[in-house]
Structures are given as structure tokens and as C-alpha cells.
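Here's the structure, in C-alpha cells; my notes come after.
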6 protein chains.
Amino acid sequence: MRPDGRQEALQLRPVHIEANYLKHPEGSVLITIGDTKVICTASIEERVPPFMRGEGKGWITAEYSMLPRATDTRNIRESSKGKVTGRTMEIQRLIGRALRAIVDLKAIGERTIWIDCDVIQADGGTRTASITGAFVALAFAMNKLSETKKLASFPITDFLAATSVGIVPEHGAVLDLNYTEDSSALVDMNVVMTGKGEFVELQGTGEESTFSYSQLQQLLDAAQKGITDLIQFQKETLGDIALKIEAHKG
Amino acid sequence: MRPDGRQEALQLRPVHIEANYLKHPEGSVLITIGDTKVICTASIEERVPPFMRGEGKGWITAEYSMLPRATDTRNIRESSKGKVTGRTMEIQRLIGRALRAIVDLKAIGERTIWIDCDVIQADGGTRTASITGAFVALAFAMNKLSETKKLASFPITDFLAATSVGIVPEHGAVLDLNYTEDSSALVDMNVVMTGKGEFVELQGTGEESTFSYSQLQQLLDAAQKGITDLIQFQKETLGDIALKIEAHKG
Amino acid sequence: MRPDGRQEALQLRPVHIEANYLKHPEGSVLITIGDTKVICTASIEERVPPFMRGEGKGWITAEYSMLPRATDTRNIRESSKGKVTGRTMEIQRLIGRALRAIVDLKAIGERTIWIDCDVIQADGGTRTASITGAFVALAFAMNKLSETKKLASFPITDFLAATSVGIVPEHGAVLDLNYTEDSSALVDMNVVMTGKGEFVELQGTGEESTFSYSQLQQLLDAAQKGITDLIQFQKETLGDIALKIEAHKG
Amino acid sequence: MRPDGRQEALQLRPVHIEANYLKHPEGSVLITIGDTKVICTASIEERVPPFMRGEGKGWITAEYSMLPRATDTRNIRESSKGKVTGRTMEIQRLIGRALRAIVDLKAIGERTIWIDCDVIQADGGTRTASITGAFVALAFAMNKLSETKKLASFPITDFLAATSVGIVPEHGAVLDLNYTEDSSALVDMNVVMTGKGEFVELQGTGEESTFSYSQLQQLLDAAQKGITDLIQFQKETLGDIALKIEAHKG
Amino acid sequence: MRPDGRQEALQLRPVHIEANYLKHPEGSVLITIGDTKVICTASIEERVPPFMRGEGKGWITAEYSMLPRATDTRNIRESSKGKVTGRTMEIQRLIGRALRAIVDLKAIGERTIWIDCDVIQADGGTRTASITGAFVALAFAMNKLSETKKLASFPITDFLAATSVGIVPEHGAVLDLNYTEDSSALVDMNVVMTGKGEFVELQGTGEESTFSYSQLQQLLDAAQKGITDLIQFQKETLGDIALKIEAHKG
Amino acid sequence: MRPDGRQEALQLRPVHIEANYLKHPEGSVLITIGDTKVICTASIEERVPPFMRGEGKGWITAEYSMLPRATDTRNIRESSKGKVTGRTMEIQRLIGRALRAIVDLKAIGERTIWIDCDVIQADGGTRTASITGAFVALAFAMNKLSETKKLASFPITDFLAATSVGIVPEHGAVLDLNYTEDSSALVDMNVVMTGKGEFVELQGTGEESTFSYSQLQQLLDAAQKGITDLIQFQKETLGDIALKIEAHKG
């Protein structure tokens, strides 16, 4: 049995995605995966960064943060430190890159979509929960945009979700590690995949450890299983919007 | 009738305080006042800042922040800017100062209480909602501390709440302004009071305007009414802990 | 008797305002109140900040600083720290807001008035001395502007001065606290008022203490007395320019 | 044929590793891979960071930078910007993590090894060249340390090298992309492996694109081929020190 | 005739040094040279920087700043910019280095002397006026220290003053350039000398120009003349303290 | 005999200037003087800073940095500190100013020349080696510019080199101090001169010491000897380009 009571190595924690969680943003969700909770919002700005002006296409950029007491001991705010840590930068670059893979940037025109992922409570897997939730917030915002601005086509080309997998002592490859499992894992891998089952990002690391080709294969199988399940939750939350994405994905 | 449908000038918006909102902090609430929502947490650190060491008493300090999309248009994160704005500093100094007025710092020993107020959604009155919610989070944390550490006495000496009042065109003095009212107010005043009805902080400003002595009196009456009501909500949330405070307040 | 030898609770320290203290600024004074000395300058810039362009009105903004050795022990420069403290930000926002209340921003056209208050020597009341001195520097600069640029009307609409009042042990409400009194005060209040006797700003705080309604009334009476006296000193320094303000105030 | 004239998809560019390039560091090399040139140094500090004191083991940390004119157009220095970019942080975290996987941190005692990778000239693959070169500089420094400090065992447990692989239009999977290839690649993957052929890090990304399981397999095969070759160059540079590593690797 | 009416090329502007200008610092002056005015203070801290502890000697360090409106157009504060400019750093390093040349650092024990030079009004020669004024503030502070702490010997070993000289079109070598002259000078040189006539610092620069050996000799002669005069002003301000320095200088 | 084995007080260390060291910059060298090695590059940007636009002339600016392990003990990177030190600022201002003295800024048109001096290995005299090497890199870049852009005239008006001289115990005035000599020098002077033997910059300092007029003369003679030799090395590296400079110098 796993530390939080799960019976299966390839079992996700309970997942819940609350749609339209906030009143101001164009798209927003509160995603809950076990005890990890992230507010994801998508905001539309009617211009692109200077280096992209005049190219006739849009941009997606992401920011990630944790409340100081999202964790067991309080963290100093990055605004108080006066700088963003390397970990935060790595995560926000990952989120932005992943989402850009399933958006037709030409279809959204010269607009910037700002994705904000704010971790309210952390128990492992905050970056992958952020991607999975941000995809839904983005889909809501793109739906609103396509309804008000008469875009040439619906800009989202496929579903996208992410999960963590790892090798833990005794259990081998497990899916969706909570904080306790993550702390003891020998190998830790984050995988981002599309609805069609293609990879978007693969980041595996064996800090103070290494892993073999066959372990890699087990990890990828676990990830594929989890992502298929997560996309099912996304579809339920999105309702009719999911059909538009399906139509586009073809 | 007021912009959000309230019938009375001296009426609060609907208030809700959700206790123990997060699993990690020693005390936490989600306070909702109209469309303003703030997560308030209280964290206990087992040491005081260097300048206070050896004095045998504790310290309370506060930090305040808004999610980028708590507001109608997205704000740049202070961590991205690399510095905290003047407005944020002013608010967090106010929250800390106010709470220190109703805590017996000797009773908590050489510990720092970190108050974090993170605005999830903003519609006016975020700083006063932060104080009102932070008081409850602090009371939960102090109760936990007094139960585990055998303090000499319960460290909270009275209730504390805050509200905003203002002079708006046509209506005169009104209580608990939402964002629309706040934007058109001629005079804006934040008042922090105790359960005994004493002032802790009074900050009135007439930007590009001024106010008379009699207007000041109307504003103070409105504030007193609102704070009495807010303390009632605090008592309901705190249950038995409220009785300990009452006992101390004497 | 008070620590600096004053006989009366409602007595100001000796006040002196030296006009045109520096040769470069459009307006400048050295204001001396007891042992507190502040250089106040007003500089005119022929444009407004980006967010105000095209609105046909001006802006007033203030900066405040202390020499490192204005105080009893040397303070680290904010330029060496690389950031401005919360206290400084609070003060410079207060100064700017207060002055904007008695200036007709339309009358000055699309210009920015920069107010700089540099404390040369500190002995309590530096923020209120800054406001009182800055008003005079501003009046000189506005007079020069109105003479050279043919403004539609004289842009200053009333006098403005500020003082501190407080409750000190044994004496009760006192006016114009020096550093020694300020350090022991139970309640500390800064009041900004106009020549007509209206409030512009009211900031009262009882750090680790509280105050009653009747104490508030005593404090406001003390402040009114002090501000009336300070405006008399301003008029003497301004000479004919005071008449222009009187005429405008009507 | 590839843009720089290579005939084979799985061919490295010319590799040269100049040992002991600088006189001050405990270990240093100039690694040249095609037109990419990086100075890698290893410096030994006789203490660990505060969070590790008393644990009886060492730490390895890395910093990475580019000369402003290492690239075709001049980049602004990070010291002038006042902050390190997200890309730099990502790279230096990767280098440190990778090297820690093949060092016995207990064997080096409470010391910090600082790895500095400074790119003198860039033509693609700077992060993987940095890892490959840093391994050699580290090995020289560890050899010097083991000779002067009588360590319990030689602290390096295996060889380590890194390379980039990618999917480029027309050619499919290719090894060791130069800048031109990197700019047009559909998928870009960095792989870090040990002398035993185990993975240490795997970072694959399909910005604005995705990749399939079978493409992943081709990429991993290409990486394995390249890393085997790179480790051969390391062995030639290290001479007798390579034998110590072989002995340890067992 | 020179732009400010001086008749002679080797003539100083009017010099005035007001002793004990501020009440808090151990030593302070307001030095006025023509329209250049600088407040110089010397503060004694009872410890040295970490890198000097245990060496049994003291340290002198200097900071320099200008009020925003010391100049004809307003400068942005360095505290607002968040960093100190290169020019400021250069000047404060020069001031500290120069003063250390005439102080017996062993005699002052493990103390730091902080020199602060704040330019109230600028009209050329602010760095040399700062050195000349700072010497006097330092001498007052050292006298106070030697009286209260029973030092082994008086710590100042000679007088020290500084001036600027330059080559201006039409006049050739001139002494003590004001801002107008400085702006048109072909060569600009700052010279710091002792009471014995030895050089401490020599900084000559011909921006977009060059100078010959014979021009250098003329400049040095001019500087020597000016410094002799400035030291005379210092002696008059210092009174009996000057005798102690003379005695030490021997 | 000197610490590095030189027999003569007025002898330079071995000098080598490797032309076109890097492939991307318009001009680049690796200059080696004894054990001091600096990469100097010149980059051409097709615009000037905002404050110079429309004046029809160019600008030259310089940046200087050291690799962390250029020195005997590792230095923290300025990018990690988040700010550039005073020493670095002083040096980069010096390099830029010196080079501007021998360039006809009108001839280069509205372009900025960025000079980057990166010290790979340091053993004293890094700032003067930077100037001497930067001159050669600049000359290569100006030659390329004059060939591709048909400038009205060759923009370099004379040769320029720099060296350090100093007074060391026992030897008196010496030329080109290495780190050991520099650390024990009583007086340290950096001199920048042109091919015609005129001074461009002279910076002499006697930290905790002073120097006489006759010592100054010895130092200047030593500098002149060294600079003559250094210009000879520049000419050999530049080949035909040296002739163009000679022609211009006339």
C-alpha cells in the first residue's frame, strides 16, 4: 500500500477540477489532485511582446508561484527575496512551452495569453497539476475568445495533460507521486502528453542515482496510463468545449 | 440602492469565514466579503528576528499579496518586478501593527507569528478583509500554541476587526465599499477597532478632496457599526476559542 | 515641562522657513522645526508620466530621504541597500497625496511637479515638517510657473500644513512631538489640514495600544491649533504669493 | 549532407579537450566541439553550504555563463541586467545535478566543488559540451584532492558525458546538432549518460511540436552512440586518472 | 576673465567651511566652494568589517551622494534606481582611499569611520570639495575620539586637501573649475595632496583629447597652489586641532 | 631580480596578441602578458544610445569581467551577486574613455562599438592589458567597417596602449607589475598613452602612502618606455591595418 493509502502503483490520487473558479479571468479553474491544489487562470492581453509584433500570431507565457504556507514549513516569498528562484523559472518555462504545443498561435492573432498557476496547497506534483489545470483554464479562455472575436478556427488543436512518475524503493515504477513518495524516489520523471498519445515534454532525472532503458519504458507506460485518465477529467469539466477540441484534433 | 444591490448605507456585504482552509498552517481561513476573497494564514516560527533576541517576548509580522488575476485586469507579479510596491508595504505594515495591539507578546515567548494574506479575488476592502480574517487565523494558531506549549496565559487580549467607510457622491457616508464605490469615493477611511470599541488604527484620506469634522464623525459611527457586526462573524467561526478571548478581555 | 523645555502641551517647537535655499530648483526651502531640518524642493518637468498623457492635466509626486547621519546612529543608505524601505514609501506617498489635494491639476497643464524632501537632521516629525515645507517650495515653483507660462489660473487652491500629535504618559494629548516624546507615545497621529480647516489626511495608530473616541477628539483639537500656527509661518515666508492663494481660496 | 559538412546523421563534430587550460583552478579544460568552445573549471572550497554542515558529506554546484559575443549577435551580460536568466538557471541546475550522480559525496568530505562553465564561442550544444568538459575538470580536481588529502576512496564512481540529439526535417534523428540544425529541429533532446550506459538526465521537448514513442527510441539510440564516443575522448585526456575511475566503477 | 568673474587662472573660488554643522555626527561640516555645497560627516562605529576583525586596526570608508536637485536638471535618486552608478562608486572609493593615506589606522583601534559626503548644491568640483571637507569632519571626529577613548597617539598624520585643475580653451591651465569650465575643459585632473606637498592621488583624463608632458607640469603646479590655500582654510576651521596635526606631522 | 624572474625594472613580461581569436565578433584578440590573459572583442551595433540619436556620430562603450576562477581563489560572479562592483565599473569606464580618445566618432556614423574584455586568467595588470588588447580588436573591427560601409575616413587616429608602473620596496620604480609586485607596491599608477607619446589617462594612487614629484617623474618615464614597446606588438599583429593608422596619424 502507498503512503496515502492508494492500493495501486499506477493509480492517480482523487482528481477534481472546479470550472470558472474566479470571476475576473477569461478562464480559471481550481484543480485538486490529492492534497495538491492549484488555482490556474488564463488572461487574454490584446498585444504580443515587442519581439513578436507584426508576425500575425499570438504568444502564450506562464507564471507559477506558491503561497508561502502551501508547504509544511513556510517559504519566503519571491517578491520579498526580490528574485524568482531557478526552480520557479524552470517550471514556468515548462508550462508555457507545453501549452504552446497544442495551440495554433496563428489562430489567436496578435494576442498574449498569460497563464498563472498559483499553488494554494502542495503535496507533490504541483508542476504537472499546473499544466493539467492550465490546459482547462486556457480552453475556457479560448472558447470565450472564439465566441467574441470570430477567430478563423478554434485555436486548440488537441488535449494536453501532465503527470509525474518515479521509481520508489520497494514499489518500482509508480504513478502520481505525493510529497512523501517524491522525497524518497530514486528517479523522478515528468511527462506531458497530448490526447493523441504523443510526447510534448519528457524530463527524467536520477539525482544521485541513474536509471536503465527498461526502467524508462516502465515509467513511460505508467505516465501514459495516468495522462489518459487526466484527459478524461478535463473532458468532463469542459463539456461542449471538449467537442470543439475533438473536432479540431480530427 | 448601492451598486451591488445593498439597500442600506450602513450595511455590510455578505460575510463568510471558512475555518481551517488549508492543511499545513497552524491557523488558516478563507474570508469572503462580497466578491472579495482572501486566504489568511498564521504560521509559528520558533524564534524571533535578531533585533529582538533575548527580550523574552514574541513578534508578529504580516505579508500581503494579490494573485495577478485577482483584479479585473492582470497585474504584474511583484516577484517578476523584483520589488514590492509601496501600496503592498503600507498594507502589510498596517496588518502587522494592528494585530500586535491585541496580542500579549510576552505570553507567546520568543516566537514569530507570520501572517500571510493572499487575495484570491478583489472587489474593494482587501486590506480590511485581510485584518478581519487574519485575526481569526491568528486565534486558531494561538489556541494550538497554548494547547501544545503550556503558555502562562492565552495570548489574545481582545477581538479585532477592520472595515472601510467612505463618503460617496449622493449617498454620503457608507459602510464597506466595494470596488465601484471605492473608485468614486471622495473620502476613504480604514478603521481598525477592538471588541471593546477602542480604536487601533484610523487612516482617512481625501485624495484630491477634503473632509470636515462632522463628516469624520459620521464615518466613525459607520465604522463602529460594521466592526461590531464583523466581530460577531468572528465569534461564530471561533466557537469555544471566542470564549477564551472573552475571558481574557474581562 | 516637556523634554525639550516647552511649557505647554499645545505648543509648537520654534519654526523657521528659509525661502529659496538652493539656486537650481524652481522652488526650495530649508524648514527647521526644533532640531528637525528638511530641505524641500519643487522641480517642474515638462511632461507627465505615460499613464496620464493626453488627459490635459498635471501630476505631483514626492520623494523623501534622510541623510545617513540625520539620526543619532548612522543609517545605511537606501541606495546602498538597493531598495527603498516601506517607511520611506509610506511617507512619500503621503506627501504626494496631501499636496495633490490643494492643487488644481488642470491648471498646471501636462507637467509633473517633483517634490523632494531630504531630511538633514531628524528629531521627530520629519514627515509633517516635509509636508509643511514642501507646500512652500511648491508655492514658489507654482508662482514662477504662472509668471512664465501664463496659466489660466493660479494652481494652488488653499494652504496646507501638517503636524503630529500624540498621547504621552503623564501629559495626555501633546502637539508636535520631538523624538524623545515620540518614542514613548502611546498613540501617534499625523494630521494634514487646509487653510479652511478641513482634513486632508488623518493617520492615527496605537502600536501595542488603543485609544478612545474622547482621546481622538483631544488629538484633533491639538492638531488644529498647531496647523493654524504653521500656516501663519508659511504666509510670512510666501509674502505676496500668500495673497494669490488667499484670492484663489476665496 | 549536414549544414557543417558532416556526412552522417549519427556523427559527432570534431572534439578536442585541452587539459589544465588555466593555472589557478584545481581542474580546468577547454573543450571544443565543432565551433562550440567552453572553459570548464573545478574549484575546491573547504566547506559546504550552511544547510549541509555537519552531515559529513560534500556538495557540487555549477555555474554557467556565456561571453557576450560568444554568439552571432551580442548578448547583454547578466551582471549588467542584474539577474540571471531562466535559461542560465536551468542549465546550471542541470550541470550540478548530473555531476552529483557520479560522485560519492561522502568520499569528498565537507567540501564544495564549484564547477564553472564559461562559453567562449557558441555553435549549439553548449550545455552538453559543458557537462562533458566539466566532468574532466572535476576528475582532475578530484585526483589532486585525493592525492593531497588522503581520501578514503577515489570519489568519482563512473564516467559521465552528455550530448544533444534531435529530429530535423528531411534527416530524422541526428546526433550533436549545431546551431543551424538546432534552430530548425522539431524535437530537441539532451541526454546525460554514464560510462555504464545508464541514464542520468533525459530532457526532451517538442516546442510547437510533439514526438512519438518510436521517434523517442531513435533519439535515445543516437544519444547512446554519441556518449560512448565522447567518453572515449575523456579517457584519452585523463590518462591514468581514467584508470582510477575504471577501477572504482568496477 | 573666467565665467564666474574670477580674474586669475590660479585663483580658488570663495571657500567657507562651517564647523559642527549637524548635532548628531561625531564630526560634521558644511563646505562651500563657490556655488558647490557639500555636507560632510564622520561617524564612528565601534567595530570593523568582518574581513578586518582581529587585526587590531581600524578602517575608513566613504559614501557620496547628490540631492536630486543639486544640479540644474533633476537627477533620479540612486535609491529609486535600485543601484549606485559607476560615477558615484568611483568617487566614494577615491574619498576613502585618500583619507586612509593620512590616518594611522592602528591608532584608532578596531573601529570604522564612516565618511558621508552629501552634495546639497553642485557647480563643479564636488568630489574634491568632498575630500577637503571630509578631512575636517574626520579631524573633529578623531579629536573627540582621542579625548574620550585615550588613544595611544593622535591618529591623523598630516593635512589633506584636493582640488581640480584643467586645460580650458583660451586660458590654458586653470585652478578649481566651476561647472561651465569643467564642461568645456580639454583635460580634467583631480589632485589630492598632503600638507607636506606629497601626492596621494592623481587622476588626469583627456576625454576625446590628449595632453603633453609639459601641460601635465602646468597642471600639477596649479594644483599645488590651490591645495596650499585650501589647507590654510582647514587650519582656520580646526583651530587647536590643527596644532595637534602639526605636532604629529613633525 | 623580480619575482617572476625578470632582470630589469623597466622590462615588460612576454607579450603575445592572437588576432581574430573568435569567429563571431567583428574584431577579437586573445592578449597574453605574462600570465595575464584577456579576450578582447569589438562588436558593432547599428545604432547609438537614445541620448545620442540624431547627432551624426558614434559611441564606444566597454564592459569588463573576470571569470570566477581567473584568480587564485574563486570570486563570486557579478551576475550571481546581482550587481557590478565598483572596481569593475571603474575599469570599464576607463577602457571606454581611453579608446574614445583615438577614434573619430563622426567617422563611424551613428553606430555603437561595444568592447568586451573578459579576463580568462589574472596575474596583475588586467585593466591595462584590456586596453592594449581592446585597441587591436577595435582596429580590426574598424577595418572591417571601413571596408564594408565606405566610411569617409579611417576612424582610428592614433595607436593607444596602457601599462602599469609602481614603486616597490627595494627596487623603486618598476614597469608592468605582476600580482605579487602589485600587492606590495607603495604607489600604483596606470598610464594610457598614444602613439605620439601624449597622455590619455593617468591614475596614480598611494594607498596608505604618498609619493613625491621626483618619484612621479620616474614612474612616467617607465610608463613611456613600456607603452612604446606595447605599440610595437600591436603593429606586428595589425600588419597592413597599422599602416592605415600611421597614415591617418600623419
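Just so it is clear, glycine is given a Cβ too, placed from its N, Cα and C backbone atoms.
Keep in mind that TrEMBL annotations are predicted by a computer and have not been checked by a curator.
C:Arg87 is the residue from C:Arg87, C:Arg100, C:Arg111 that TrEMBL records in the phosphate site together with C:Gly125, C:Thr126, C:Arg127. Helix, strand and coil residue tallies for the domain 'Exoribonuclease phosphorolytic' (C:11-139), in that order: 36 helix, 41 strand, 52 coil [DSSP]. Other than C:Arg87, C:Gly125, C:Thr126, C:Arg127, the residues of this chain whose Cβ falls within 8 Å of the Cβ centroid of the phosphate site are, in sequence order, C:Tyr64, C:Ile91, C:Val119, C:Ala122, C:Gly124, C:Thr128, C:Ala129, C:Ser130. For the domain 'Exoribonuclease phosphorolytic' (C:11-139), the model's pLDDT averages out at 96. Sequence-distant contacts of C:Arg87 (phosphate binding site), defined as residues of its own chain at least six apart whose C-beta falls under 8 angstroms from its C-beta, are absent. Of all the Cβ atoms in the protein chains shown, 22 others lie within 10 Å of the Cβ of C:Thr126 (phosphate binding site). The number of other CB atoms found within 10 A of the CB of C:Arg127 (phosphate binding site), across every protein chain shown, is 23.
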